[in-house]
Amino acid sequence: MHKFLKYLGVAACALLAGLVLARTSTHAASKESHFVKEDQQVTENTYYITAKQAQQFKEQNPNAVVLAVAYGKVPGFSKGHIPGAVQMSTNDVESQAAKWNLLDASQLRKNFLKKGVTADTPLIVYSPDISAASRVAFAAYYLGVKNIKIIDGGQQAWKKAGLPLEKKSVQPKKQTDFGSNTVAHPEAYIKTPADLLKAEKKNPDLKLVSTRSWKEYIGDISGYSYIKETGEPKGSIYGRVSKSSSDVAYLTNADGTIKDPKAELAYWAKKGITPDQEVVFYCGTGWRACVPFFLAKEEGFKNVQLYDGGWYQWNMEHKKDPKKYPVQKGEPGTKNFKVETTVSAER
């Protein structure tokens, strides 16, 4: 009898735990919201699409190229990937030698041509990391690829949609003519700190938006193993995009899909970051800032740009000329806020 009662007690506890877990899971799922929807109208100005929309896009565009993106090799690519996908490393669009900025346009063209991409190629990009996918997509946009799509949620979303994967390796159909030797969107790209100063001089109302984490923004941490110094370019606005240097967590759900940005857009508006303003996003070296770049474009921001040099390059210039490239630390409007126009030994 004792064993039987003990069994009933364990069973009851298990049932209660299951109910609590189910309720918690349902509550968590109810908190999820989505920017990308199955019923959205997909045009050339739509960048983030669902997995099913990507499948339809492939069917409607037999010459489409699918790029699976990561820093280096794509994890698990040989065990299964989206049919027809070829790998592209973020090192094909940026390099340490270039201070992690985009490579020069001629080299970018060569690297995209090797993957079969021209200005007229319908392009699908996906990655385990939405920032990596958006980084490569931005390079393609900058050059002039006219129809770019990024799969919201990457391969995980593809599998969740019940779409097939393949294991066979696909060789890219290399191209020789990109279609243009002129960069299509120079207006979207601010490369160096000097270029940023020119843009700010031209428009003093420019909104320079940091997509870095709060601790990075106030100067508690740099966020990078290879950057010792902390801070932000003077005048930057906290954009509430990242929780660490490796995510854009305020913009995404747990599964990596993009949240409904209503709350973020409202937060931005309070900071003066609105569609009618000239808005420049940046982070440490360019990855994270590419996500809100495309999000803002889809939300009707007419003059949105990427400052690619980010904190990494601004810090380099500050150490050479701190008066020209001042650094801010702390939360603006508080007693802890300060602007450094000399190189601090504490940095």
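In case you wondered, yes, glycine gets a Cβ from its N, Cα and C as well.
Looking at 223-247, 323-347, the stretch flagged in TrEMBL as region 'Disordered' turns out to be 323-347.
The list of residues near the region 'Disordered' (323-347) in space but at least 6 beyond its ends in sequence, with Cβ under 8 angstroms from a Cβ of it, reads 193, 197, 218-219, 228-236, 314-315, 317.
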